[in-house]
Amino acid sequence: MSLVEFLGDLANPQLAFLQRALIVAVLSAIICGAVGVHTVLRGMSFIGDALSHAIFPGIALAFAVGGSVLLGGAIAGVVVTLLIAVFTQNRKLGEDSVIGIFFAAAFALGLVIMARISTYTGSLESILFGSLTGVQPGDLRTIAIGTVLILAALALSHKKLVLVSLDRAYAQSLGVRAATMDVVLYLTIAAAVVMSVQIVGNILVLALLIAPAATARLLTDRLLPMMLIAPAIGSGGAFFGIWASWVWDLPTGAAIVLILAAFFAFVWLAKAASQALRRQA
């Protein structure tokens, strides 16, 4: 199927689920790109993986009671985020250690809940690996509102987040509440993860959070361009990933992640080749 034919399918009213999937994928990519820049800047890629697993018990419980997956994941994400933020204030413990403990415990709880569900079907599997058909009209509205709120939160706290990331002690000496900024960052990461799981899947959402930001970091050292480039890369990966998923019947999340990973590898190789040529000149 050509790109033109795919665009024709997008315009087909009988394939409204495909339109919803693409819109949610692009919104998720924008949010993950913006949040991912702060995550990469702070060297906290691990927390994205941790939170993607930490929301699993909320998602599993939502399936068990027939509730909203977005709401279940959001509640689990907020609870684990606040616990991590509290426990990481003890600087004797590394952030990775605390995050690892809570992420493992939350994921284990999710597995226990899943084991108790007598009929967990492909619906739950679609949350783990992503699905084109998993996005409902109500989810689209919720994610659109969430996108606006998260971007607003990042814009309002941008300078303080960057300051804490670059020099925590200096930021505190200026009166910046570093612990509050930790909570803001963790909550925005959790929100980005929750919004993205239905398209990319719980297991692969880390790539949507980190790959565009890491690629943007290779392309520029300036923060503002990085904040613009990362969402653009993520959106492009989301579009072509859904195209590939639709044409070749591939898992949606895997298709998006492979495209983002391939583009990262291309940029890295191009950058390395450019540096090698400059050294030889």
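Yeah, the Cβs are placed from backbone N, Cα and C, and that goes for glycine too.
As written in TrEMBL, here are the features:
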type: TRANSMEM; residues: 20-41; note: transmembrane segment
type: TRANSMEM; residues: 53-86; note: transmembrane segment
type: TRANSMEM; residues: 98-117; note: transmembrane segment
type: TRANSMEM; residues: 138-156; note: transmembrane segment
type: TRANSMEM; residues: 183-211; note: transmembrane segment
type: TRANSMEM; residues: 223-246; note: transmembrane segment
type: TRANSMEM; residues: 252-270; note: transmembrane segment
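Contact between the transmembrane segment (138-156) and the transmembrane segment (223-246) does not hold: fewer than three of their C-beta pairs are under 8 Å, each pair 6 or more apart in sequence.
With Cβ pairs under 8 Å as the measure, the transmembrane segment (252-270) is packed most heavily against 183-211, out of 20-41, 53-86, 98-117, 183-211, 223-246. Against the transmembrane segment (98-117), the recorded stretches 53-86, 183-211, 223-246 differ in Cβ pairs under 8 Å, and the greatest number is found for 53-86. Beyond the ends of the transmembrane segment (53-86), by six or more residues, the same chain brings 47, 98-99, 102-104, 106-107, 109-111, 113-114, 116-117, 120, 123-124, 127, 139, 142-143, 179, 182-183, 186-187, 189-191, 193-195, 197-198, 202 to within a C-beta distance below 8 angstroms of the stretch.
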